[in-house]
C-alpha cells in the first residue's frame, strides 16, 4: 500500500516538473518573439523616419554645403598654386636678374678698386641701370608664329643726344662705330676739320657710357668718359668693342687715299687701342709685317666688334697681294647669292665669270678684295695673340666693311653690300679658340642699299662693283630654336642715291611699316643699329646711329635715332 502511494506521488512530481519546464520554455519563446517584434518595429520606425520627405529635401542642402566646403578648399589650394606660379614665373626671374646685377656691380667695383689702386684712379664702376640687366645682347623677341613684319618701329623718340656734332661749316663727323655689352657701351667716330673728303689728318672721338632710365621712365644714354684723340696719328676706319677692360678700338693709320693704298706693296699700319674705365687711352701698333704679310691694304670694318670667349673679334677687309699664299688659296673661288623670287636672265657660265670678276674690281687695280676677321686676346697687354681668319670666297662676297655681333649665344658677321648683291647679309659665325668660321648667310630681300648701275638696289646679276653704303641690320626676332627670323635696321630707301633713310623690321622677304627720318630727298649715309630691352617694362627699343645731312654745320651730323618696337596684332 505504501509502495503504491509512493509511486503515485513520484509520478505526480514528475508530471509537475515537466509542466514547469514547458511553462519556462513557452515564456522564453514568447519573450524572444516579443523582442524580435520590438526590434523589427524599431527598425521599421527608424527606416521610415530616415526617408521622410523632410530628410530627402535636406539632401540637396547637405550636398550644397559639401560643395561649398570643397570649393573653399580648392580656392585655398588655388591661392597656393597662384603664389607658387608668381614665385616661379615672375619673382624668381626678377630676383635672379637683381642677383646678376648685384654680382656684376660687385665684380666691376672690385676690378675698379684694383685698377684704381694701381693707377690712383678713384672712378666708380660703370654699369647700366638695373632696368636693363638681362635685356642687352639677348634674343629680344622669341616668336615662332607671328608675322615678323607685324613688329614695327614707333616714331623717333626724343632722348639725350650723346654724340657731339660739328661746330663749323667745314667740320665733318663721320664713320660711327658702336658696341654695347651687359655693363657699358662704347662709341667712336672720326672728326675731320676741313671737309669730309680730307684723308690727311683727322681726330678720333671715343666715348664710354651706360644706359640710364630717367625719373619719368625715359631711356637715355649717359656718357661717363670721353676723349678726343687729337694728335699726329691719322686714325681711319675704326671699329670699337665693349670689353671687360673698357673700350677696345682697332684703327688703320693712313696718309694716302684708299686707291693709293691698294697700289702699294706694303700692308696698312694698324693700331689696337684701349680706352680704360679711368679715362686713360693707350694703344699699340700691330705687327703688320707678320699678321698682314699677304695684304697690300687692310682696314677694320668700321662696324663694332664683339667680345667672345676672352677675345675681341673685329671685322677686316682689304686687298690681297697678288700671288701671295692667301691670294692663291682664293683663286677660282666664288659664290653667287640670288634675290628672292628673281632669277638671273644670264647664262650660267657668264654668271660664274662675272661672279669671279667681282672679287677683283678695276678701281683697286685688280687686287682681290678680301673679307677677314681678326681676334685679339683681351688682357692688360694690348695686341696680344692676334689671329687673322680669312674665310673662303665660297661663302663670302667681295670684301667690304662689316660688323661682328653677338646676340644671345649666336654670333654674326654683317658684310656691307659693296659688291653686286644689294640685300643685307648676316653670316652666322662660329668661333673655336682663336679662329672663326662663317656659314651661308641670312639675306633680307627688302633691306637694300642704293648703288651705282649695274649694282643698284634692284640689281640681281653678278657684276664687278665698288658701291653701296654701310647700313647694318640687328638681329631682333628669333625662333624658339634660336634661328634668326627678322632684323631691325635703318636703310636708305633709294635705287641709286644715298637718300631717304627709313627704319623698319625686316624678314627674309619683306619689311614692316617704316618710320621716316624726313622726306624722300633727305641725304644720309652710314647707319648702325643696336636693340635692347627695358626688362621691368618688357619694352624693346632700337637705336640707329645715322649720318644725316646737315646743311649749316658740316656735311653730316651723326644722329642717334631711338624707336620702341611695337606690334600690330592685325597683321
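Placed from the backbone N, Cα and C atoms, the Cβ positions cover glycine too.
Residues annotated as topological domain 'Intravirion' in Swiss-Prot: 1-26. According to Swiss-Prot, the feature transmembrane segment maps to 27-47, an assignment based on sequence analysis. Positions annotated as topological domain 'Virion surface' by Swiss-Prot: 48-571. Swiss-Prot lists 119, 341, 481, 508 with the feature N-linked glycosylation site. Under the heading region 'Important for interaction with fusion/F protein', Swiss-Prot lists 124-152, citing similarity to another entry as support. The feature disulfide bond is assigned by Swiss-Prot to 172-196, 186-247, 238-251, 455-465, 531-542, with similarity to another entry given as support. As annotated by Swiss-Prot, region 'Involved in neuraminidase activity' applies to 234-239.
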- Take every residue in the topological domain 'Intravirion' (1-26), average their pLDDT values, and give the whole-number result. 63
- Task: Note down the number of other Cβ atoms within 10 Å of the Cβ of residue 481 (N-linked glycosylation site), including every protein chain shown.
- Result: 7
- Task: Run through the region 'Involved in neuraminidase activity' (234-239) and tell me, per DSSP, how many residues are helix, strand and coil.
- Result: 0 helix, 5 strand, 1 coil
- Message: Looking only at the region 'Important for interaction with fusion/F protein' (124-152), how are its residues distributed among DSSP helix, strand and coil?
- Response: 6 helix, 5 strand, 18 coil
- Alpha-carbon spacing, residue 542 (disulfide bond) to residue 238 (disulfide bond), which is rounded to whole Å: 23
- Least buried by Cβ count (within 10 Å) of the glycosylation sites 341, 508: 341
- Count of other CB atoms lying within 10 Å of the CB belonging to residue 247 (disulfide bond): 27
- Task: Measure from the CA atom of residue 341 (N-linked glycosylation site) to the CA atom of residue 238 (disulfide bond) and give the result in Å, rounded to a whole number.
- Result: 37
- Cα-Cα, residue 531 (disulfide bond) versus residue 172 (disulfide bond), nearest Å, comes out at 27
- List of residues, in chain order, with Cβ under 8 A from that of residue 465 (disulfide bond) and at least 6 apart: 358, 361, 418, 419, 420, 451, 452, 454, 455
- So of all those recorded positions, 172, 196, 251, 341, 508, which one's Cα sits nearest to residue 186 (disulfide bond)? 251
- Cβ neighbour count within 10 Å, max among the disulfide-bonded residues 172, 196, goes to 172
- Nearest to residue 481 (N-linked glycosylation site) by C-alpha distance, among the disulfide-bonded residues 172, 247, 251, is 247
- Query: Between residue 251 (disulfide bond) and residue 196 (disulfide bond), how far is it from one CA atom to the other, in Å?
  - Reply: 18
- Task: Give me the Cα-Cα distance between residue 508 (N-linked glycosylation site) and residue 341 (N-linked glycosylation site), rounded to a whole Å.
- Result: 12
